[in-house]
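Visitor: Found this in Swiss-Prot, in case it helps:
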BINDING   Ser159, Ala180, Ser181, Thr182, Tyr230, Asp312, Lys405  L-glutamate binding site
CARBOHYD  Asn98  N-linked glycosylation site
CARBOHYD  Asn301  N-linked glycosylation site
SIGNAL    1-32  signal peptide
TOPO_DOM  33-586  topological domain 'Extracellular'
TOPO_DOM  646-653  topological domain 'Extracellular'
TOPO_DOM  721-751  topological domain 'Extracellular'
TOPO_DOM  808-826  topological domain 'Extracellular'
Amino acid sequence: MSGKGGWAWWWARLPLCLLLSLYGSWVPSSLGKPKGHPHMNSIRIDGDITLGGLFPVHGRGSEGKACGELKKEKGIHRLEAMLFALDRINNDPDLLPNITLGARILDTCSRDTHALEQSLTFVQALIEKDGTEVRCGSGGPPIITKPERVVGVIGASGSSVSIMVANILRLFKIPQISYASTAPDLSDNSRYDFFSRVVPSDTYQAQAMVDIVRALKWNYVSTLASEGSYGESGVEAFIQKSRENGGVCIAQSVKIPREPKTGEFDKIIKRLLETSNARAIIIFANEDDIRRVLEAARRANQTGHFFWMGSDSWGSKSAPVLRLEEVAEGAVTILPKRTSVRGFDRYFSSRTLDNNRRNIWFAEFWEDNFHCKLSRHALKKGSHIKKCTNRERIGQDSAYEQEGKVQFVIDAVYAMGHALHAMHRDLCPGRVGLCPRMDPVDGTQLLKYIRNVNFSGIAGNPVTFNENGDAPGRYDIYQYQRRNGSAEYKVIGSWTDHLHLRIERMQWPGSGQQLPRSICSLPCQPGERKKTVKGMACCWHCEPCTGYQYQVDRYTCKTCPYDMRPTENRTSCQPIPIVKLEWDSPWAVLPLFLAVVGIAATLFVVVTFVRYNDTPIVKASGRELSYVLLAGIFLCYATTFLMIAEPDLGTCSLRRIFLGLGMSISYAALLTKTNRIYRIFEQGKRSVSAPRFISPASQLAITFVLISLQLLCICVWFVVDPSHSVVDFQDQRTLDPRFARGVLKCDISDLSLICLLGYSMLLMVTCTVYAIKTRGVPETFNEAKPIGFTMYTTCIVWLAFIPIFFGTSQSADKLYIQTTTLTVSVSLSASVSLGMLYMPKVYIILFHPEQNVPKRKRSLKAVVTAATMSNKFTQKGNFRPNGEAKSELCENLEAPALATKQTYVTYTNHAI
């Protein structure tokens, strides 16, 4: 080879040459092994033309090991099928007469990297080696046995293995025919131009599976794929076909790692359960992964939940479902149309250790198949394993069922044989044996003959290839069924461009012939609207019409009018109930009780005061302001009845007037009293003259002025916003429309209520301030301290009222809670004033009349001086026990005051 083309050829193969130089069989010692002796990792059969073979005799190893357990069906059955086909061709006088086919068969160990390493054996003979620098000990050149030239390869099984091997074989133009690889990627003739297969591409299989899913009325499925070309390409093809055909949505696409960790399959099942409606699982996985998925489903107690649909890697194999029959029941599988080869059954059943020495793995198969050991040294003490006798027979002493791909292995070998036969006929016409034009065989020419073969396969099916090297799509459809305690695969249909499915033959766990559901979304219930999922036309979310919405049509929710709420099933609207506080409501019991008792007590006090109007205690309490205060207390109690009465124009008008008026009257009277006391004592500190406006008439005038301000505000309110009742649908518009209520109430908002009571609160706070300022006045001189205690207690009541009243604004019982809170607070305020200011006086009047006598009169100067000195002395009260200093001082101050001849304004003690 010379010129640019030659250099390009060598540069393209330079990396491979470097790899081969590291490979163990490249050294002369290994190449010098005598022909016909089996290698440790391969079967070598002599012939005029050598075919390569790649089979997964062992599974993938773990913990750094290349190979694992023996695979009896996928490995030994398929390998023996190739040997069986070679024997038939070599014994056929009409096919390749006088030409013997040999073989070099390797174990891929179900791993693409190991298969790559093994397949380097096939290209050794195609690379010439320069041995000029290699000399033996005698100085002569070494004798190197040239490796056999492999003209074509049968295999591999897994798509990922075939892809890896095809990348090397195409460099050396070695045709390859696979018997099991179905990944759509291998149909790319620009990348895998020397690859052909006797099984159809997964593109056909994916279409068939989509047709099955649609026939079963499933529209929501998950996919599960083994990592690698076969699984990932198969799922990708299925998804693509489902999109093209429509009507099928993919819930999840889960990938099984090439080297799964402990617990990985349990996580996969857990993830699949996240979309529990997707009960149908489309599986493109190797049989080891399939089995571990089924085991994980059983551990998760999901037997009967999932409905499996397996690709041809599952097919009708027993290994994935062995002792997992309950979990696998109902599984629908697909397999390229095949027929059991009876001749192979007879051939394989007759294999023994004596007549099958060419298969170097047959002894291992024998031990595994019959559960015995060939060597006594391998038997362990106490073990139940027996020694092999060589009298065991396959199918008699062990179970036997032909593996599903045996037919395709035989067809692949025959396709290679027919291509070589046609090539020999054209290149060596009339010649016996090989002619120079076929020695060596040109791979490019052989590929053309392979693509043009057309013959009846071992099962009678036509064997042909299209321009991409793919076989036509013909599938049988199976279902794994259990009956009477036994399980088996039943043919339920076929697919050849179109689906032919016998649904009446199908059996489902728990439901018999009734089709199980694996649908994206259940029909929406009344009151729910459909919200389609973007990119998934068959899927939708059922979203309930929330809040005050009702269902207009399948896709729309609309809000009810403001005075209506949705019905129970949210298909229409209905009026919102209107509520008010009833007289017989439990919420009205306490306010009415307090009001009735309060009014009775107030009237009792008024009657007592009127009857004993001229007694010293009544006079000393300031009769005029006392009656005003009692009137305010009465109105506070009476307001309760207005608050509970049904709101109308009259009731709402009276509420505006009297709700704040009663409190204003009460606190105006108390404020006038405390202000009078404060001014008297403050004036006394500066002079002996009496302050202004302390007469009863002045006090009444001040009180009515304060009250008139409240009335003036109410009048302005009536003018600006006339009173009326309203039905408030917003106030009790709860989040749950079932509890929504229209509240019949007066047009008094929370803000209006604050303004209405605000003036009364201002009077109350001011009165409290004066009560604090006069707290130091001796209690024997006035009623400032009882007023102070009254105001302190009242403040506490209203401080408790505020959070309760405004904190329940969002409650469904807001009307009841706020009305009850307001009326009880008003009644308690009135009760505090009535109880602390008047009940002690009534008690003395009725039960201790001896105390209802006039007191000594004191001058203003004496009273003020005593109060002032008392305050100062209180700070030093610890110098005299029991307050003796205070009493003594007061008495010392009294004598000069009585003896003086000056005229002072005098007041009775209680009058102050």
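Positions of Cβ are set from backbone N, Cα and C atoms, glycine also.
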Visitor: Hey, what's the widest CA-to-CA gap across Ser159, Ala180, Ser181, Thr182, Tyr230, Asp312, Lys405, the L-glutamate contacts in the record, in Å?
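Guide: Roughly 16 Å, rounded to the nearest whole number.
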Visitor: Return only the integer: C-alpha distance in Å from Asp312 (L-glutamate binding site) to Asn301 (N-linked glycosylation site).
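Guide: About 27 Å separates the two Cα atoms.
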Visitor: For the topological domain 'Extracellular' (721-751), give me same-chain residues lying six or more residues beyond its boundaries with a C-beta closer than 8 angstroms to one of its C-beta atoms, as numbers and ranges.
Guide: 547-548, 560, 562-563, 565-566, 576-580, 646-649, 651-653, 655-656, 806, 809-810, 812, 814-815
Visitor: C-alpha of Lys405 (L-glutamate binding site) to C-alpha of Asn98 (N-linked glycosylation site): distance in Å?
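Guide: Distance between the two Cα atoms comes out at 29 Å.
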Visitor: If you count CB neighbours within 10 Å, which one among the binding-site residues Ser181, Thr182 has the smallest count?
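Guide: So among Ser181, Thr182, the binding-site residues given, the one with the fewest Cβ atoms within 10 Å is Ser181.
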Visitor: Apart from its near flanks, which chain residues at least 6 from the ends of the topological domain 'Extracellular' (646-653) lie with a Cβ under 8 angstroms of it?
Guide: 580, 718, 723-725, 744-748
Visitor: Average pLDDT across the topological domain 'Extracellular' (646-653)?
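Guide: Summing pLDDT over the topological domain 'Extracellular' (646-653) and dividing by its length gives 89.
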Visitor: Would you list, in sequence order, the residues of this chain other than Ser159, Ala180, Ser181, Thr182, Tyr230, Asp312, Lys405 that have their CB within 8 A of the centroid of the site's CB atoms, where the site is the one recorded for L-glutamate?
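Guide: Once Ser159, Ala180, Ser181, Thr182, Tyr230, Asp312, Lys405 are set aside, the remaining close residues are Ser157, Gly158, Ser162, Ser178, Ala183, Arg197, Val199, Asp202, Ser313.
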Visitor: Reported as an integer number of Å, what is the Cα distance between Asn98 (N-linked glycosylation site) and Thr182 (L-glutamate binding site)?
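Guide: The Cα atom of Asn98 (N-linked glycosylation site) is 35 Å away from the Cα atom of Thr182 (L-glutamate binding site).
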Visitor: At the level of the C-alpha atoms, what whole-angstrom distance separates Ser159 (L-glutamate binding site) and Asn301 (N-linked glycosylation site)?
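Guide: Ser159 (L-glutamate binding site) to Asn301 (N-linked glycosylation site), Cα-Cα distance: 33 Å.
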Visitor: Same chain only, sequence gap of 6 or more: which residues have a CB within under 8 Å of the CB of Ala180 (L-glutamate binding site)?
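Guide: Same-chain residues close to Ala180 (L-glutamate binding site) (Cβ under 8 Å, separated by 6 or more) are Arg78, Ala156, Ser157, Gly158, Val199, Asp312, Lys405, Phe408.
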Visitor: Among the glycosylation sites listed here, Asn98, Asn301, which has the most company in the form of other Cβ atoms within 10 Å of its Cβ?
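Guide: Of the glycosylation sites Asn98, Asn301, the highest Cβ count within 10 Å belongs to Asn98.
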Visitor: Kindly report the helix/strand/coil residue split of the topological domain 'Extracellular' (646-653) according to DSSP, in that order.
Guide: 5 helix, 0 strand, 3 coil
Visitor: Restricting to the chain of Tyr230 (L-glutamate binding site) and a gap of 6 or more, list residues whose Cβ falls under 8 Å of its Cβ, or answer none.
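Guide: In sequence order, the residues whose Cβ lies under 8 Å from that of Tyr230 (L-glutamate binding site) (at least 6 apart) are Gly158, Ser159, Ser160, Ser181, Thr182, Ala183, Asp202, Phe284, Asn286, Ser313.
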